[in-house]
Amino acid sequence: MPSIVVVGSVNADIVTRVAAPPLPGETVLADSMAVLPGGKGANQAVAAARLGADVWLVGAVGNGPFAETALLGLRVSGVHLDAVAEVDGSSGVALVTVAADGENSIVVVPGANSTVDADVVARHSRLLAEAGVVVVQAEIPVSGIEAAARAATGRVLLNLAPVVPLDPEVLALADPLVVNAGEARRLLDDAGRPVPDAPFAVVEGLLELGPRSVVLTMGAAGAVVAEPAADGGAPVVVPSPHVRAVDTTGAGDAFVGALAWRLLAGDTLADAARTAVRAGAYSVTTHGAQPSFPTADDVLPG
């Protein structure tokens, strides 16, 4: 049976909750602190697995105290960890500050994730070639991202977060390229292209960079899905259901994991995005990243 293979970061998230984020030079007192499993790669793998997909992760953790925390959610969710290496040094760590309105800011220390380069990915080329969907983000070295995309024979879901420079031939393998509004602006600006305000113009500009399809995520406003005019016609707006957000940490990863799950099941990109926005909306109603992701038994909003 085809599976999802995620190539990406595995972190421990140190999460503090504050009334409002500190201004430059300001010290604030947090209401609470927790150490939780995270990392975009791990989060997206967990999100897809909790919904019922068969998921493998290619990544790395360190041999220090954060490794078990970083792997906990993956183990509980049934993600295959045979391709996760243990290396000397620290695991990746994310310092997450969550404000009372649910918005967050994040600083990432890559740690072991910085070892997931082309050589590491090449060891798992057969796994990648056999996958129905390969999911890649940008919290690992560029060489690892590019090697994963090139090794895939199935669909490549490229979540370019954060934005890093990629070979145009690799960007052309993305089906879809998934970015939020800020990442889209950065990607267009780095390419020397106009940076429009209108979402339809943004996705059309992104398509001109070469990906086979584009999904622009817009938080509570939902998403815009675009494919080349010859394939899918005009961009499609996918609205998000209205929910009360308490913590947006990991919402984008919940979206990507659900999107991969539905693409593996054979949904069109627009239909997969309709499920993904509901999964993302569900996740913001609960604190934390991985613990907030829906399972196959949960009723999604909308």
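Any Cβ shown, glycine's included, is placed from N, Cα and C.
Because TrEMBL annotations are produced automatically, they should be read as predictions rather than curated entries.
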**Request:** Look at the substrate binding annotation in TrEMBL, where Asn11, Ala12, Asp13, Gly39, Lys40, Gly41, Ala42, Asn43, Glu139 are given, and name the residue from Asp247, Asp253, Asp267 listed for that site too.
**Result:** Asp253
**Asked** Reported as an integer number of Å, what is the Cα distance between Gly222 (ATP binding site) and Ser292 (K(+) binding site)?
**Response** 18
**Prompt:** To which of the binding-site residues Asn11, Asn180, Thr249, Thr286, Ser292 does the lowest count of other Cβ atoms within 10 Å belong?
**Reply:** Thr286
**Message:** Nearest of the binding-site residues to Glu139 (substrate binding site) by CA-CA distance, picking from Asn180, Ala220, Ser283, Ser292?
**Reply:** Asn180
**Prompt:** Here are the binding-site residues: Asp13, Glu139, Asp247, Asp253. Which has the lowest count of other Cβ atoms within 10 Å?
**Reply:** Asp247
**Asked** Within 10 angstroms of the C-beta of Gly222 (ATP binding site), what count of other C-beta atoms is obtained when all protein chains are considered?
**Response** 23
